[in-house]
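A short write-up of the structure that comes next.
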Amino acid sequence: MSIFNFFRAAPRASAVQAKERLQIVMAHERAGRSGPDYLPMLQQELLAVIAKYVNIDENKVEVKLDRGGDCSTLEVNIELPAREQAKAAAAAKTAEKSAGNDVGAAKRPAGGAVGNGGAKKRI
Amino acid sequence: MSKIIVMTSGKGGVGKTTSSAAFATGLALRGFKTVVIDFDVGLRNLDLVMGCERRVVFDFINVINGEAKLNQALIKDKRIENLYILPTSQTRDKDALTREGVEKVLNELSKDFDYILCDSPAGIERGALMSLYFADHAIIVTNPEVSSVRDSDRILGVLNSRSRRAEQGLEPVTQQLLLTRYDPERVEKGEMLKVDDVLEILAIPLLGVIPESQAVLRASNVGMPVILDEVSNAGLAYSDAVGRFLGEDIEHRFVTPQKKGLFSRLLRRSA
């Protein structure tokens, strides 16, 4: 060992990094595993319905299922496009105040069927 | 009625076959009539590790296909009373493992044996799925290393969803961790995951810690299950693990660096 090594700060133990990296990656994988596999399909179908009425960006949709102790939350976040700039200014007073807002969030009891609660509109 | 154990890991090369050979031998040494089955169709190696490669005539796949009787394929170990090996085919592939075929052979074996130990191939495909499907107990072989731990977690997920017990809503397959190739000195230097780290991540009970040992390679070289090397740390650790599996309360050894005396330091000799 050279004398210089003595003064150098000890590097962070690699085993500690291994543990942290594993915990992060596995938290993700476990969440994906326990999630029901209808989520991607649900997301697509929801999109298709909404796209019939509103012009939405496919990439700005997020479907998430969180499992809590006694209640699971199905959260659907769809970002509605800002109205075309010209219209937006004129219609600002009368139009629904949905531009740029998130829509959706349906709650359901754990294990129950989706749709037990009505979708709430957060404005 | 016999108990079916699967030795599995997801990842390859972590010591499933070494552990299967050692574990089956350990169970037989304690008086239980035990058979160890190689599920790694096409890549058979259990016969080599058990030292019976020259005695293979018929195999597991022959029995499944009705080309041979079970007792024609079973190889009786020459060293240990009560120990039998069911080798697999080296020429076929995993498609030869049908669920009905495997079930038929396991049912027939369970009339005769106390323990049926299934040595799983790596991966999560057909071979691995068939080896774990009928299991009552799973021993998860893991190295203290990121890819092995992640794959073990994956295989735990498979056990919980795709085993017979899971599918039929029976009591779940019991799961225990066998941590192999553990090097306490590297752990002490912070270069290797600790036993507790792996336990915290996988959250299953610990069956045993097998220290990294030169005895394992020596044993496979000569076709002897390492548990028969009674002076090696690895052999003793396997023996302890078998005892714990059978419900004995045995303290874990070889998890901290062994103090070396001046003499062995000078000679630079390691056990």
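Each Cβ is built from the backbone N, Cα and C atoms, and glycine gets one as well.
Annotations in TrEMBL come from automatic prediction, not curation.
Here TrEMBL flags B:LYS11, B:GLY12, B:GLY13, B:VAL14, B:GLY15, B:LYS16, B:THR17, B:THR18 as ATP binding site. The domain 'AAA' annotation in TrEMBL covers B:2-159.
The structure, with features from TrEMBL marked on it.
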residue: B:LYS11; record: ATP binding site; Cβ neighbours (10 Å): 21
residue: B:GLY12; record: ATP binding site; Cβ neighbours (10 Å): 13
residue: B:GLY13; record: ATP binding site; Cβ neighbours (10 Å): 11
residue: B:VAL14; record: ATP binding site; Cβ neighbours (10 Å): 25
residue: B:GLY15; record: ATP binding site; Cβ neighbours (10 Å): 22
residue: B:LYS16; record: ATP binding site; Cβ neighbours (10 Å): 30
residue: B:THR17; record: ATP binding site; Cβ neighbours (10 Å): 26
residue: B:THR18; record: ATP binding site; Cβ neighbours (10 Å): 27
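Under the three-state DSSP scheme, B:VAL14 (ATP binding site) falls in the coil class. Apart from B:LYS11, B:GLY12, B:GLY13, B:VAL14, B:GLY15, B:LYS16, B:THR17, B:THR18, the residues listed for ATP, the same chain places the Cβ atoms of B:SER9, B:SER19, B:ALA122, B:VAL141, B:THR180 within 8 Å of the centroid of those Cβ atoms.
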